[in-house]
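**Q** I have a structure here, written as structure tokens, and I will follow up with some questions on it.
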Amino acid sequence: MRTSVNRYVVTRPLYTEDAFIKEHEKVHRQHKTMLDHIKQYLTCDGKRVRNALLSLLPIIAWMKIYRLKEWLLGDVVSGVSTGLVAVLQGLAYSLLASLPAWYGLYAAFFPVIIYFFLGTSRHISVGAFPVLSLMIGVVVNRMVPENGPPANITAFEGLTMNEQRAIVAASLTFLIGIFQLAMGLLQVGFIVIYLSDTLISGFTTAAAAHILVSQLKFIFGLHVQGFSGPLSVIYILEGVFGQITSTNLHDLVTSIVVMVVVLTVKELNERFKSKLPVPIPIEVIMTVIACGVSYAFSFKEYYGVDVVGRIPDQFEAPMAPDLQVFRETSVDAFPMAIVGFAVAFAVAKVYSIKHDYVIDGNQELIAFGASNIFGGAFRSLAASTALSRSSVQESTGGKTQVAGVLSAMIVLVVILALGFLLEPLPKSVLGAVVIVNLKGMLMQVCHVPSLWKKDRPDCVVWIVTCVASILLGLDLGLAVGLGAELIAVVFRTQCPRCCVLANIAGTDIYRDRKDYTSIYEPEGVKIFRIPSPIFFANIDFLRGKLIDAVGFNPLRVLRKRNKALRKIRKLLKKGELTLMSVNSEDESSIEDLDLPTDFSDLPVQVNWRAELPANISVPPVDIHSLVLDFSAVSFIDITALNGLKMALKEFIRVDVEVYIVACDPYVFEKLKSCEFFDDEIKTSIFFLTLHDAMLHILQINPPLSKNTNSLFQCCFCICKYFWYIFVV
């Protein structure tokens with residue numbers, strides 16, 4: 001090979017797959033059988049035990065590299081800041097789950113302790129997540145409605161409504177943990193890849209809409225019945241606006257003031273984050289102010305403001321999950337397990353890339369599963385992560401989950417010693433804090449126009465997921481979104497964009513002939529590119545596109561030719577030169593018309609491109625060679641293999657030479673093992689590159705025009721160049 005600036009010239013033989021394999025010996029690799037994999041999986045030695053221990057307890061790995069002097073101060077500051085935010089969000093998100101406020105505090109303590117030992121992310125803040133809390137609240141309201149009898153659960157007997165709801169939420173959390181732990185142990189962490197960023201964005205936007213609507217009753221100080229199931233958003237809005245004249249002005253004014261101040265300061269935090277050592281904890285500040293004002297002016301007694309109320313100064317006794325609740329909520333728990341893990345994994349992945357360390361999806365499932373099982377036993381809400389809280393933990397200097405444990409200690413102090421200070425806190429303040437934190441999720445709507453311009457199928461998935469989740473509920477909406485995503489994938493693979501290629505004049509490069517002007521298309525040659533795997537769902541589509549590209553149906557041509565041959569035989573037998581009527585009873589079955597044309601009993605060879613005798617006509621075939629570009633074909637299944645084989649035979653039987661180029665070696669080996677090749681389809685039709693096949697075709701079928709053969713001119717110039725160098 002000789003090279004110069006921005007140019008290269010290569011001389012090598014023209015390769016078919018057979019010629020290349022014959023000249024270049026492949027390395028024989030011993031592939032492991034299923035039994036080998038099982039033996040390896042069951043084999044146990046010291047190294048494997050050590051690796052398994054490090055994998056199960058990631059704390060061992062990062063504790064060994066912990067830089068005490070450099071990281072401890074950042075973790076302490078981060079832990080305190082995150083703990084204060086976790087307290088406030090725990091109180092607020094428990095309202096989404098229709099539970100007393102202190103159960104949200106448990107979610108910021110118990111799961112964090114377990115995740116500290118088992119989690120692989122060093123930066124996410126484990127605790128209540130608004131979407132997950134809302135999904136739990138839907139189940140809680142369904143099983144223990146505000147108006148009406150609760151579900152027929154034995155454990156509910158003699159308990160108050162809040163206690164019944166706590167049992168449902170705790171048992172549901174426990175079941176979510178079981179699902180997550182089982183998926184982690186079965187190594188199915190990859191399942192999260194089926195939740196695309198588009199789907200998650202549409203789903204979380206819909207969840208934000210649900211959360212916003214659910215908080216309106218606290219903002220306006222109304223007592224609105226909770227609803228669940230399809231159209232629940234409509235029913236809640238109907239209840240809110242039906243009572244709008246009963247709005248508590250003190251709740252409304254308080255909420256508006258809190259939202260305006262918090263939004264303003266958050267914007268300042270974002271704008272001056274490079275200058276601020278830590279973000280201003282405005283939510284905590286406003287909470288403290290609201291508590292003081294509410295206590296000082298007796299909001300509850302004089303103005304009817306609904307407040308948080310009593311917060312126990314001790315933990316409740318652990319409980320065993322209720323099996324009857326398991327049976328009633330198992331269908332709800334699985335999507336919650338997926339959503340909780342998917343959101344946490346997505347946030348963890350962002351920070352792992354930013355700080356250059358690895359997270360393990362399966363270990364994350366185990367960590368969250370164990371955290372939720374442990375938390376569920378202590379009546380905690382299901383744990384995931386919230387982006388705003390994780391952002392605080394990372395931006396304030398947190399380096400490891402030591403910050404997470406310190407935040408849990410702050411929550412512990414609040415639960416055991418300072419909880420009484422939060423008792424006069426108006427619920428409208430918590431509702432305002434929740435709504436303010438929805439800004440990021442709600443603003444995802446602004447990305448829809450740009451998404452429509454970039455990728456319309458993805459945009460349709462976003463819209464369908466969002467609308468379905470808003471109208472049908474989060475559980476059904478997620479299922480609809482997954483269905484829409486699957487349809488989009490099927491649409492992309494089942495209907496790929498096929499094209500006819502042409503040579504870029506003077507090069508060995510081939511591109512879509514519609515996109516370029518300086519192209520060369522040899523007469524009688526079609527190059528058809530297949531841009532996707534070939535499988536049962538798209539083989540018929542691809543065959544249809546191939547027929548459109550060549551301009552004729554080879555099977556129809558073959559049948560017409562065989563019918564013409566029969567007529568010619570009869571004319572020869574009768575000694576007539578004009579076409580006579582043919583009795584249909586003398587004709588063979590339709591299957592015989594699909595067989596190759598047989599000239600064995602004819603004294604002459606029929607030239608199908610010339611004029612036939614006795615006004616016999618057959619559809620014209622304008623090409624002599626068909627090249628299939630397999631460079632993008634990554635696999636082919638049995639159904640598609642049979643369909644491809646029939647399609648190739650149809651072309652071969654009408655005297656069109658078929659070539660397949662750039663075929664993946666593993667696809668080529670599969671074709672061999674599946675008996676794809678026979679007397680008509682041979683391995684010699686496979687060429688290493690598209691240019692190899694084109695040179696071979698032009699050698700066999702030289703172009704008729706002397707002035708249009710730019711490809712041969714290019715090859716001639718290259719040959720002349722090497723002749724001059726090596727001979728002259």
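Any Cβ shown, glycine's included, is placed from N, Cα and C.
Keep in mind that what you see is a predicted model, and the values were worked out from it rather than measured.
TrEMBL lists 515-697 with the feature domain 'STAS'. Positions annotated as transmembrane segment by TrEMBL: 72-95, 101-118, 164-183, 190-212, 218-237, 249-266, 278-297, 333-353, 365-382, 402-422, 428-448, 460-491.
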**Q** Counting only CB pairs under 8 A, let me know which of 72-95, 101-118, 278-297, 333-353, 365-382 has the most with the transmembrane segment (164-183).
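**A** Against the transmembrane segment (164-183), the leading stretch is 365-382.
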**Q** Determine whether the transmembrane segment (460-491) and the transmembrane segment (218-237) share at least three Cβ pairs under 8 Å, counting only pairs 6 or more apart in sequence.
**A** yes
**Q** Could you check whether the transmembrane segment (333-353) packs against the transmembrane segment (190-212) - three or more CB pairs closer than 8 Å, residues at least 6 apart in sequence?
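**A** Stretch pair touches.
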**Q** For the transmembrane segment (249-266), find every same-chain residue at least 6 residues outside the stretch whose CB is under 8 Å from a CB in it, and list them.
**A** 218-221, 280, 282-283, 286, 290, 299, 303-306, 426, 428-429, 431-433, 435-436, 439
**Q** State the non-local partners of the transmembrane segment (278-297) in its own chain: residues 6+ outside its ends, Cβ under 8 Å from one of its Cβ atoms.
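**A** Same-chain residues near the transmembrane segment (278-297) but 6 or more away: 77, 81, 84-85, 87-88, 254, 258, 261-262, 265-266, 268-269, 303, 305, 307, 392, 395-397, 421-422, 424-426, 429, 433, 436.
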**Q** Looking only at the domain 'STAS' (515-697), what is the mean pLDDT?
**A** 83
